[in-house]
Ligand code: CP
Ligand code: NVA
């Protein structure tokens, strides 16, 4: 019997049920355990995996690469500039070629339409490694980290402070609503998520019991948060926006005062990374020289606090991506979820 996951692509969280998402998170925890105990789990022996990256990546690339190798598969990195995609060859034609040689394809790029077209025309599972709209593999790692910290997911409150309309915010809003997590997007009015997305989140929330809050009011937004989450103020492809975003988002910086406003003793901090918490990078130094700011979406104090779990979250990218690849490509025996 084929599992419900076999042959399926992961393009956006909304294509999966709550039970399926929870299955993948729990399966990732199991695979993590196996890895720590050096137990072999080569479910994809002999498979070839294409890793398409139109945008830069550390975690997603490293996670897909190491996860594929652990599973016995061969990952092949096809970066922007290495292949014809977009310049001399359409997504459709590229998908047909890659689908005839590879057993699964990861894609990170700009348009959601591109990852959907890859899935449509390649005939193999396609995994969205981030588009302008969604970051679904990130969500599995995030909620695995939440489960590790709290022993549960449902009923918790997650407040995301920062750019309220980027891929990570969109994905948290929908995934939180599906999973029954009270999800607060705390952001200035100018950066409120798309109204259609909020409607969709509310539809899921009605079923799951989650409470959705979109607010510019920091006190109201972070109150009661078990998880305080942020992401960069300027996403890949939006580099011209720094000045505008700094002006809008500086009050929404995650600092100790904001953490204290949750009113909770055991709030954790999460960040998908990379983060601007100091001036140890070229871009951060440029921002400091231009705007006099040495920390952006999160202060170094919070980033280095004992309640900050962004590096466990980063490690969990690998275990969760491994779960997705194994479940969708490994012919596993998963009779029900
Ligand atoms: N969080 C995340 O996707 O990191 P990378 O951009 O390094 O892949
Ligand atoms: N919102 C960020 C996420 C990076 C993992 C970006 O798209 O650049």
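Cβ atoms here come from the backbone N, Cα and C positions, even for glycine.
Positions annotated as carbamoyl phosphate binding site by TrEMBL: 57, 58, 59, 60, 84, 108, 135, 136, 137, 138, 272, 273, 317. Its own atom aside, the Cβ of residue 59 (carbamoyl phosphate binding site) has 22 Cβ atoms within 10 angstroms in the protein chains shown.
Counting every protein chain shown, the Cβ of residue 236 (L-ornithine binding site) has 17 other Cβ atoms within 10 Å. What TrEMBL lists as L-ornithine binding site is 167, 231, 235, 236.
For the domain 'Aspartate/ornithine carbamoyltransferase carbamoyl-P binding' (8-148), the predicted model reports an average pLDDT of 97. If you look up TrEMBL, you'll see 8-148 marked as domain 'Aspartate/ornithine carbamoyltransferase carbamoyl-P binding'.
The domain 'Aspartate/ornithine carbamoyltransferase Asp/Orn-binding' annotation in TrEMBL covers 154-327.
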Assigned element (helix, strand, coil) containing residue 236 (L-ornithine binding site), judged by DSSP:
coil
Going by C-alpha positions, which of the binding-site residues (59, 84, 135, 317) is nearest residue 235 (L-ornithine binding site)?
135
At a 10 Å cut-off from the C-beta of residue 231 (L-ornithine binding site), count the other C-beta atoms across all protein chains.
25
Tell me the coarse DSSP state (helix, strand, coil) of residue 137 (carbamoyl phosphate binding site).
helix
Between residue 317 (carbamoyl phosphate binding site) and residue 231 (L-ornithine binding site), what is the CA-CA distance rounded to a whole number of Å?
16
I'm trying to understand the geometry here, so how far is the Cα atom of residue 137 (carbamoyl phosphate binding site) from the Cα atom of residue 167 (L-ornithine binding site), in Å to the nearest whole number?
12
